Amino acid sequence: MAGVRLVFTKAFMVTVLLTLLLNIGVKPAEGQFSACSFSSRPHPRGICGSDLADLRAFICSRRNQPAMVKRDAETGWLLPETMVKRNAQTDLDDPLRNIKLSSESALTYLTKRQRTTNLVCECCYNVCTVDVFYEYCY
């Protein structure tokens, strides 16, 4: 038996590697992103269903609210010293005011994260943080 030599073809090796990848799965490094598939199940500490929608709405509504400002106790109106006044002269002196771009050119400056996952994948099938919810606020 010392003289037995195993010979594997490329097709056999590719089949073995694909089988291993499909059965074991490729997991991302911790903290990079969450991977989900059709066989994913909710994490024991994940937030799912209407709880997920409610929490997203709450976090996004709190994020978009302005900072606390002083209000008149009797009327509830903002006090004048907390209001921001625009200065017409500084608005005219703005160096970016005369820059004109086509819509197509202007859109190239906007960056948006390419999503490979969604909120359910990140927060129901995995455990997520508040920062993940912020990424889904519009």
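The backbone N, Cα and C atoms fix where each Cβ goes, and this holds for glycine too.
Per Swiss-Prot, these features apply:
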{"type": "DISULFID", "residues": "C123-C128", "note": "disulfide bond"}
{"type": "MOD_RES", "residues": "Q32", "note": "pyrrolidone carboxylic acid"}
{"type": "MOD_RES", "residues": "Q114", "note": "pyrrolidone carboxylic acid"}
{"type": "SIGNAL", "residues": "1-31", "note": "signal peptide"}
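Within its own chain, C123 (disulfide bond) has G46, I47, C48, L52, V132, F133 as residues 6 or more apart in sequence whose C-beta sits under 8 angstroms from its own.
All protein chains included, C128 (disulfide bond) registers 21 other Cβ atoms within 10 Å of its own Cβ.
In the three-state DSSP scheme, C128 (disulfide bond) falls into the coil class.
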